[in-house]
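Structure record follows, encoded as structure tokens.
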Amino acid sequence: MSQTPLLDTIQLPADLRKLEPNQLRQVADELRTEMIAAVSQTGGHLGAGLGVVELTVALHYVFDTPRDIVIWDVGHQAYPHKILTGRRDRIRTLRTGGGLSGFTKRAESEYDPFGAAHAATSISAALGFAVARDKRGDDTNVIAVIGDGSMSAGMAYEAMNNAAETTKRLIVILNDNDMSIAPPVGGMSSYLGRLASSKTYRQIRKTAKSIAEALPAPIHDVAKKAEEYARTMVTGGTFFEELGFHYLGPFDGHDVDLLRRILKNAKEFTDRPVLIHAVTKKGKGYAPAENAADKYHGVTKFNVITGEQSKGSGGPPQYTKVFANALIHEAEKDEKIVAITAAMPSGTGLDSFGARFPDRTYDVGIAEQHAVTFAAGLAADGMKPFAAIYSTFLQRGYDQVVHDVAIQKLPVRFAMDRAGLVGADGPTHAGSFDIGYLGQLPGFIVMAAADGNELSRMVATAAAIDDRPSAFRYPRGEAEGAMLADAHIPLEIGKGRIVREGTSVALLNFGARMSEANKAADKLAAMGLSTTLADARFAKPLDEDLIRRLAREHEVLLTIEEGAEGGFGAFVLHFMARDGILDRGCKIRTLTLPDIFQDHDKPEAMYAEAGLDADAIANAALLALGRGANDLSAGASA
Ligand SMILES: Cc1ncc(C[n+]2csc(CCOP(=O)(O)OP(=O)(O)O)c2C)c(N)n1
Ligand SMILES: CC(=O)[C@@H](O)[C@H](O)COP(=O)(O)O
Ligand SMILES: [Mg+2]
């Protein structure tokens, strides 16, 4: 007999909590089906959410959310959480302009007490909430849910190290699905693997229900019971216990009734923080995900029946691929070249580099700080390390860039993918700040690729820079332009290039807005405004002669960059002020990303909003010339 759908009766967790415990399995099944259906239409992060369906149901059933709070680490697994917390009606707007964020977000819901997207922040944030509640005598519960991959990040240890001496009421759930984006790496992963595969774990799976039924004990001796319980349940979680946590587990993270009981009991632990080790499966309950090597971590739209994802346009190669191919080319010639990723082998393209050079490729886990200083050590001892870290994630290792790399002038090469706006991942992943944060560092060389061939040449250039640190940035997506004969020829340091000659307007572009700048030049030319288009190639050192010439020979000079204020345009202004060019009345405008955190949308929509598409660039030139805003599409005579 078909069951009455239950998910339709759940608008908020309070509705869930009206159900009987024996109905939760059905809720989880319906929730999983709904999530698969939704993500098949939107694309996004699938595997992680599938792995926490039961945990999400149990959490919102046992805890009085949103009074009790749940903080999801990274937040990419929070789609089931969003469906159960009043956002099911919008779940198919996920990661689209004006739609739901792909991560947790305070502004989106009271059930999202803390935003996320960069890994390993949940325990620190949860500790903050716990202490604030301790201080006001608020005995609501604070729960952090952190994955095994995120548990490889140093910040998690900083928080755990501080937790037990700071609060007595904190629940940390380690969602251990034995996956990061790629298979997890490092000693912690091995340790967790031992715990989860231990004989005791197999025993616990059989006896856990009986042990769980033995609780809760009468409140007055809950601490004694907690010790006994913890000892009974302990399966070598010594590491966590040494940090002052009760360690409970490992438990089957897909047994929704067991989770319900364990979480209910966890509320009784008030003498010190509790870490619950849940063993789950990334991609659980959807065969194409379970069987995929990446467990469908990030997917495009897909066919629910077959699991087949919509293919790319089949157009030009991704910038990421161009980088990987170029680095392989360089590494073929120089065995000192090694490559480092922080848990992003496929995203950075180092998976293909690693296939070619397995002994020269290092995945250090979600540990950007370590990655940078590890690279510095390699460079200090004669190697040529390429640290391939997304622009946004390099922010996590910035002090190491300054302290360990720049001050010591060590020749670490930074390959910064996802520079500029990234689209669906939104503000947490935008690569907006690296031009400024690297260009300010004495001795650094900072490059940006205007197209695929330029990127390839920048890899060759970086490979040849052995006396100081260098960085090159490139965006997410398809690389413009064909590869040319000079693809592996290093660039002359600090020299830009003229792409097209004009006389009235000079567009000095830095990075991959080049094609939009070229279209803007066409629009201006159609209005009788002859336009020079130059590719700066370097934000540091600047091509000072090029800037002097452009300023001298044109009525206006516009700088263009996919970066925040305080980057390339600022460096040009500093130079022009220093060099006295500004004294001679040169009209300059700096086109940058806006001084806001732009919400997610399609990249082209975001760039239009940012004023960095062809129309906006051309209009900026017209305004600078005092010609007023103009409807370029009309092609009206200026
Ligand atoms: C600081 C930082 N580095 C890299 C990433 C990219 N990233 C997103 S999810 C993820 C893997 C997370 O693994 P885990 O915590 O085990 O979660 P799971 O996907 O397995 O549920 C990574 C590396 C990130 N979000 N933050
Ligand atoms: C959740 C997370 O941080 C990563 O999965 C990130 O979304 C990857 O970004 P790309 O899809 O641009 O590789
Ligand atoms: Mg994991």
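For all residues, glycine too, the Cβ spot is worked out from N, Cα and C.
TrEMBL names ALA117, HIS118, ALA119, GLY149, SER150, ASN177, TYR286, GLU368 as thiamine diphosphate ligands; from the candidate set HIS76, HIS246, HIS329, the record adds HIS76 to that same site. Selection of the binding-site residues HIS118, ASP148, GLY149, ASN177, GLU368 by a Cβ distance under 6 Å from ligand 3 yields, in sequence order, ASP148, GLY149, ASN177. Across the structure, HIS118 (thiamine diphosphate binding site) and ASP148 (Mg(2+) binding site) place their CA atoms 14 angstrom apart. Taking a Cβ cut-off of under 6 Å from any atom of ligand 2, the binding-site residues HIS76, ASP148, ASN177 reduce to HIS76. GLY149 (thiamine diphosphate binding site) falls within neither a helix nor a strand when secondary structure is assigned with DSSP, and so counts as coil. Taking a C-beta cut-off of under 8 angstroms and a sequence separation of 6 or more, GLY149 (thiamine diphosphate binding site) has the following same-chain neighbours: ALA119, MET179, SER180, ILE181, PRO184, ALA343, GLY365, ILE366. Straight-line distance linking the Cα atoms of ASP148 (Mg(2+) binding site) and ASN177 (thiamine diphosphate binding site), rounded to a whole number, equals 7 Å.
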